[in-house]
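Over in TrEMBL, the protein carries these features:
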| type | residues | note |
| --- | --- | --- |
| ACT_SITE | Glu260 | active site, proton donor |
| ACT_SITE | Glu500 | active site, proton donor |
| BINDING | Thr611 | Ca(2+) binding site |
| COMPBIAS | 69-85 | compositional bias 'Basic and acidic residues' |
| COMPBIAS | 112-123 | compositional bias 'Basic and acidic residues' |
| COMPBIAS | 130-147 | compositional bias 'Basic and acidic residues' |
| COMPBIAS | 165-181 | compositional bias 'Basic and acidic residues' |
| REGION | 59-148 | region 'Disordered' |
| REGION | 162-181 | region 'Disordered' |
Amino acid sequence: MVFRKLPGVSASGMGLRLSQKFVFLLFLSALVTLCFGALFFLPDSVRLKRIFLSKTETQPVTVGSGSENDVREHFKKPKEQDHPRGMTSAKGESSTRLKSLRRKPPLPPLATEERLSGGRAQEDLTLSRTRTESASEKASAADRGSDSDTFSYARFQRCLLKPPLGRDHGKPSDPRTDERREKVKEMMKFAWDNYKLYAWGKNELRPLTKNGHIGNIGASIIDSLDTLYIMGLMDEYNDAKEWVKTSLDLNSNGEASLFEVNIRYVGGLLAAYYLTGEEVFRSKVLELGEKLLPAFSTPTGIPRGVINLGSGTSWSWGWASAGSSILAEFGTLHLEFVHLTELSKNPIYTEKVMNIRKLLNKIEKPHGLYPNFLSPVSGNWVQHHVSIGGLGDSFYEYLIKSFLMSDKTDGDAKKMYYEAMEAIEANLVQKSPGGLTYMAEWRGGILDHKMGHLACFSGGMIGIGADDGAPEKRQHYLDLAAEITHTCHESYSPTKLGPEAFRFDDGGEATATRLNDRYYILRPEVIESYMYMWRLTHDPKYREWGWEAVQALEQHCRVEFGFSGIRDVYTTAVSHDNMQQSFFLSETLKYLYLLFSDDDLLPLEDWVFNTEAHPLPVIRKSCLQDEKHDFL
């Protein structure tokens, strides 16, 4: 600010009369008061306060690529069938300085396989993982003397029926299957190396332009932690862990999807903690869990879909009917929130999700079905649109998985799931003229004969729920799961990759008849059902179908610097979308790796996968209570 010289002031600044001095001092005092008031009391003063913060203090992430429209464009959903799982949570730019990296050229597949198999390389891998396990063992030893009201990692480990990584890290005895598994590991390393080189700290890699997608809170890093660990890529895992420790900033200002933050970040950090015992993951996930609670501050307790992690304000998606919340979003919190209560011993997280369940049990359901839109203010359905694909899908998945994760003690979840299945079979399950079983969508009593790629998870879901159904329906459920998985395999086109949605009308048989349904964005749902059906039946066709998908991903989606989705699965003249989705690392490659591994790698008796494929352990309350008494 430029000040004009006041009259009566000499060149040396002396010679002021007493009254002038008094006026001058009064003016300066008012100016100082005004400046400091602006710094500390005005609404936007947080930016100015940073001037006075320690230079070493981490700066909050500002969400957005510099334009508010960029964020809105990335999150908008022009069509109902576009589901949040296709988006990335909490987009934004951070003041965190990215590390400068020198690129290490990716190893060719053969060299990678040789490096990771046998000899000294295998010894190094085992020793590296052993160091991590030793750290968790030390933490476990400390647990033995801890307060019985706190979570004990040692007790948790003793309540597992089998070692998480199996006898030999799930290595199959069949050489051909092992070779295929190593190929999937090489794909993961290739995708990760390019992400680290060109997009480190960003949410996703854009492999064609060799840069990062908007957002500096590392969705690909958090989503990859458990995948890297179970594959034995320990150098890569340790780099990811170090980023979480030093650079993950949970104070982002901007809109973030409650759903996406929960399934990717909360789920990813929980899984990493349960697999490794590293305290950094536990402390980060509990910090994040607290930041999600304000979204539940509604008249009904049904959370709104969008939250600002920095300020705690929340609101509904602009595209959602009448400010409603989405079934697949508020219905896909239960697994993670129950584990937040386990780790924190704070019941508030379980109370929040149980309140959702109570409301859903209380309100009337048309034909026993759960519509996709619910008002968080009135607690009533907004539209009668029902889908097992986008907008509805993972709500049903979390019902059966809540039952399984509770060590089969959560009777309410079991009852809700099987009642929902009866309604789905009565109203949505259809047979095509060609004999394919599919899940139609329901719009106020009118069927829309289409099925989304997202709905293809339901083969695996129905499969894992078969054993606990009514005895006379168990084989029926397993058959239904196989039929739906077969239909989804049939939707995989001549390129052996499937469209975003396919139809069964106008003579179509599992075919995308509309141009804007023909894209494939590296989605995992079909491969997810292959993995579950393999473990449930050991029918070799599921591994063969999985290998078809590996070859198709290599041929059509692998580019020079990563993997990219494609715009049309019906043409071999591929047009790429320039996006390596974080769920490709978390889900698609993980499910493929598990498909070609022995069943004792993350055995289903001990682990339940959240909807982002992050493994969460079964909670054996009786075992944990017995263990607790041992130390009293």
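Cβ atoms are placed via backbone N, Cα and C, with glycine included.
Long-range neighbours of the compositional bias 'Basic and acidic residues' (165-181) within the same chain, counting only residues 6 or more positions beyond its ends whose Cβ lies under 8 Å from a Cβ of the stretch, are 113, 230, 232, 543, 547, 550, 593-594, 596-598, 600-603. Cα of Thr611 (Ca(2+) binding site) to Cα of Glu260 (active site, proton donor): a distance of 10 Å. Cα spacing between Glu260 (active site, proton donor) and Glu500 (active site, proton donor): 19 Å, rounded to the nearest whole number. Per DSSP, the secondary structure of the compositional bias 'Basic and acidic residues' (165-181) breaks down as 7 helix, 0 strand, 10 coil.
Other Cβ atoms within 10 Å of the Cβ of Glu500 (active site, proton donor) number 24 in total over all chains.
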